[in-house]
Amino acid sequence: MQRIALSDKLELSRIVYGMWRIGDDADTSPAHVQAKIEACLAQGITTMDQADIYGGYTAEAILGGGLKAAPGLRDKIEIVTKCGIVAPAGRHSSARVKHYDTTAGHINVSVEASLRDMGTDHVDLLLIHRPDPLIDAEETGKALDALVASGKVKAVGVSNFRPWDFSLLQSAMSNRLVTNQIEMSLLATDTFTNGDLAYLQEKRVSPMAWSPLGGGSLFSGAYGGTMAALQRIGKEQGVDATAVAIAWLLRHPAKIVPVLGTNNLERIRTAADALRVTMDRQTWFELYTLAIGKEVA
């Protein structure tokens, strides 16, 4: 598996395993979590993507159970997690309304809870989960810088930020924001033309892509033309349609890092084959044309 450097301190696997659905598994035992991580490692996928809010604030503890059951496993992986969304559930059950909180106090409490739940002394990458209309960039930036200085966080970034949100927070920090995790797939193509990817390329920031398979909708039967093309291309290259859909993102020069959000171990294995796919410009545009439903102008 190829690796990608987001900074001089942080490398991720070229494909990341997203754990937002890990609590949906019928089996969330430490042994099953351990087996899932080891299945990822067998494919070269070493980076696990989390967030405090996943599973109603339970997903990080599920991961922690697996890591506790297998001493040494933590040293083989990178952990990405996120904070900043407060929902009336779990440890925030007293919240009256779902909201965002990017204050220093909330960020620090969230990180401590994440470290405790996952049983680790640091996270490799911390992301602010969504842009906060009430963000005090100076306060948030200082809090993130302090976490990096403390060693509790190796690197910081954001998720779902538009260029102006990214620029504002970066202007208030000494550490570099190393990524922006945004929705990208053959079913979510706006980022290719709305300036998001252009901005990140200008700043030499590699984006992460959540829901790179459209949350599984790509395989629902509703996108027959796109699926037929993916299957044809996959057959030509000896891979599954899943691998072709991931390879479509990898082909972009922005150096997109897809985050797989599946609980299907076989889909994880086939997605790793994306790195074997050769995709020329015309093939990329064939899929893009099917995705947007019309020829480019």
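Note that Cβ sites are derived from N, Cα and C of the backbone, with glycine treated the same way.
The C-beta environment of TYR54 (active site, proton donor), restricted to residues of the same chain at least 6 apart in sequence and closer than 8 Å, consists of MET19, TRP20, ILE22, GLY23, GLU60. Residues or ranges marked as active site, proton donor in Swiss-Prot (evidence: similarity to another entry): TYR54.
Annotation source Swiss-Prot lists NADP(+) binding site at TRP20, ARG21, ASP49, SER159, ASN160, GLN181, SER211, LEU213, GLY215, GLY261, THR262, ASN263, ARG267, citing experimental evidence. In this structure, SER211 (NADP(+) binding site) belongs to neither helix nor strand by DSSP; it is coil. Taking a C-beta cut-off of under 8 Å and a sequence gap of six or more, SER211 (NADP(+) binding site) has these contacts in its own chain: GLU183, MET184, SER185, ALA188, VAL259, GLY261.
Annotated D-glucose binding site per Swiss-Prot: TYR54, LYS98, HIS129, ARG130, in sequence order. Taking the Cβ of LYS98 (D-glucose binding site) as centre and 10 Å as the limit, one finds 12 other Cβ atoms among all the protein chains shown.
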Taking only the binding-site residues LYS98, HIS129, ARG130, which one has a CA atom nearest to the CA atom of ASP49 (NADP(+) binding site)? HIS129
In whole Å, note down how far the CA of ARG130 (D-glucose binding site) lies from the CA of THR262 (NADP(+) binding site). 22
Given the binding-site residues ASN160, GLY215, ARG267, which lie within 10 A of HIS129 (D-glucose binding site) by CA-CA distance? ASN160
Inter-residue C-alpha distance, ARG130 (D-glucose binding site) and ARG267 (NADP(+) binding site) (nearest angstrom): 28
